[in-house]
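Pulled from TrEMBL:
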- TYR123: active site, proton donor (ACT_SITE)
- PHE409: active site, proton acceptor (ACT_SITE)
- VAL82, SER83, VAL84, ARG90, ARG91, GLY92, VAL93, LEU94, THR95, SER118, GLU119: acetyl-CoA binding site (BINDING)
- 3-148: domain 'N-acetyltransferase' (DOMAIN)
Amino acid sequence: MTVELRVLQPSEWDNWYEGLEQAFGGVRQASERRELIRELTDPTRAIAAWDGAVSVGSAGSFGFDVTVPGGSLVRMAGVSEVSVAATHRRRGVLTSMMRRQLDDLREWGEPIAILTASEPAIYGRFGYGVASWQLMCEIDTSRVRFAEPEGPDGITLRRVRPADGLAACEAIYARTVPERPGMIARVPGWDRLQIMDSAEDKAGGSDLQCVLAERDGETVGYTLFRNRPVWDNAGPKGSIQLTDLYGLDPAAYSALWRFLWGIDLTSSITSQNRPVDDPWLHLVSDVRRCDVRTWEGLYVRLVDVGTALATRTYRTGVDLVLEVEDAFCPWNEGRWRLSGDSKGAVCERTADAADLVLSVRELGGAYMGGISLSSLAAAGLVREVRPGALAQASAAFGSDVAPWVPHNF
Ligand SMILES: CC(=O)SCCNC(=O)CCNC(=O)[C@H](O)C(C)(C)COP(=O)(O)OP(=O)(O)OC[C@H]1O[C@@H](n2cnc3c(N)ncnc32)[C@H](O)[C@@H]1OP(=O)(O)O
């Protein structure tokens with residue numbers, strides 16, 4: 001077997017994408033979704049692995065602007081479309097594509113790569129660290145009360161067709177992007193993916209539904225969801241499957257949750273991906289009956305440690321030397337002095353003694369402010385050399401708002 005890696009040619013896209021679909025189980029996606037993905041895929045950023053004329057591997061990336069702690073947007077490579085044919089697995093094809101991709105990103109001057117993984121065991125070896133958790137829930141709305149704060153909110157709700165409400169929803173989404181690390185600014189085209197409504201998206205549920213929250217004629221929030229009607233011997237037991245819910249203020253946010261809670265003939269709300277500090281957790285009468293679970297969400301890989309650490313700000317002042325281990329990208333190895341605060345940062349090579357020793361994977365994990373360096377140290381993954389350095393670094397890297405990635409890619 002000789003596998004050759006090449007940049008994808010547009011004419012090869014069908015072959016390449018079919019290989020990807022095969023690797024994920026062989027179910028062909030709806031043509032509308034396929035065509036949109038084709039449009040969104042930049043072939044010049046996509047790696048194709050070929051065994052003769054057969055496409056046996058894929059690895060793409062999208063250029064995204066992502067919020068980092070402090071609120072600014074930083075260009076990152078959103079790695080996706082990764083697959084190796086079942087006939088060619090466990091022979092190093094993925095490893096060779098990851099090698100090529102990280103070399104390319106370095107050459108293109110893109111200091112950070114991010115992804116969400118199909119399985120947690122895959123990407124740590126390439127220097128990706130878990131940088132956020134996401135919350136899943138199944139709320140028993142027949143037993144759990146939504147204890148909304150009292151007071152007039154002036155909110156009215158309006159149901160619209162998702163396509164008709166898209167511009168208003170996207171305007172709300174855009175306003176929330178700078179408020180939370182990990183949020184990805186929408187690139188034109190990706191908004192259409194949000195309201196795609198093929199049979200595979202519905203999976204037994206209704207068409208996608210959209211409700212806008214408005215105050216004085218201004219949109220101040222929205223929710224996208226499906227209703228999945230279920231009846232059993234005891235009567236109706238439908239479920240609301242929540243896709244999106246954003247409110248610009250507490251009143252708009254609560255009004256949307258209250259609305260979902262009260263939909264007749266349903267007794268649960270489920271979501272696969274909410275932030276771990278979602279405010280509704282404080283507004284329910286019985287959080288145990290909300291069946292809250294967590295998954296790891298975003299993975300971060302610092303491609304160029306110096307540039308990456310200098311592109312975010314720090315919650316408190318920091319001035320210390322990090323000794324970084326990075327076997328897969330050895331150009332990052334060695335000691336870096338990081339000095340910064342809430343206004344900006346500098347990170348440069350130094351010959352000074354190390355204050356903290358850690359691998360690039362842990363540094364990527366801590367980058368978005370949601371995984372504390374102290375907890376990584378407690379796990380034995382960060383070593384404090386100078387007493388006090390860990391507390392200083394952990395406070396500086398942290399974020400008040402948990403990182404979260406609601407944007408699929
Ligand atoms: C960002 C995204 O797109 S996530 C989507 C990832 N794609 C999928 O999950 C689709 C289904 N799976 C696949 O296509 C393939 O199994 C891949 C892409 C995950 C792995 O491809 P392979 O070519 O088999 O990986 P490769 O041979 O380079 O493996 C490198 C190492 O990772 C390990 N590894 C690879 N995949 C997995 C896995 N799913 N679980 C655990 N270990 C894994 C290998 O055992 C190997 O370990 P070793 O170095 O200790 O021997």
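Every residue number used here counts from 1 along the chain in the order it is shown.
Any Cβ shown, glycine's included, is placed from N, Cα and C.
Filtering VAL84, TYR123, PHE409 by Cβ distance to ligand 1 (under 6 A) retains the following recorded positions: VAL84.
VAL82 (acetyl-CoA binding site) falls within a strand segment according to DSSP. Between the C-alpha atoms of VAL82 (acetyl-CoA binding site) and TYR123 (active site, proton donor), the distance comes to 11 Å.
Geometry remark: THR95 (acetyl-CoA binding site) versus TYR123 (active site, proton donor), CA distance 10 Å. Spatially, by CA atoms, the binding-site residues VAL84, ARG91, VAL93, GLU119 include one closest to the residue listed as 'active site, proton acceptor', and that is GLU119. Listed binding-site residues: VAL84, VAL93. The one with the lowest count of other Cβ atoms within 10 Å of its Cβ is VAL93. Across the structure, VAL84 (acetyl-CoA binding site) and TYR123 (active site, proton donor) are spaced 14 Å apart at their Cα atoms.
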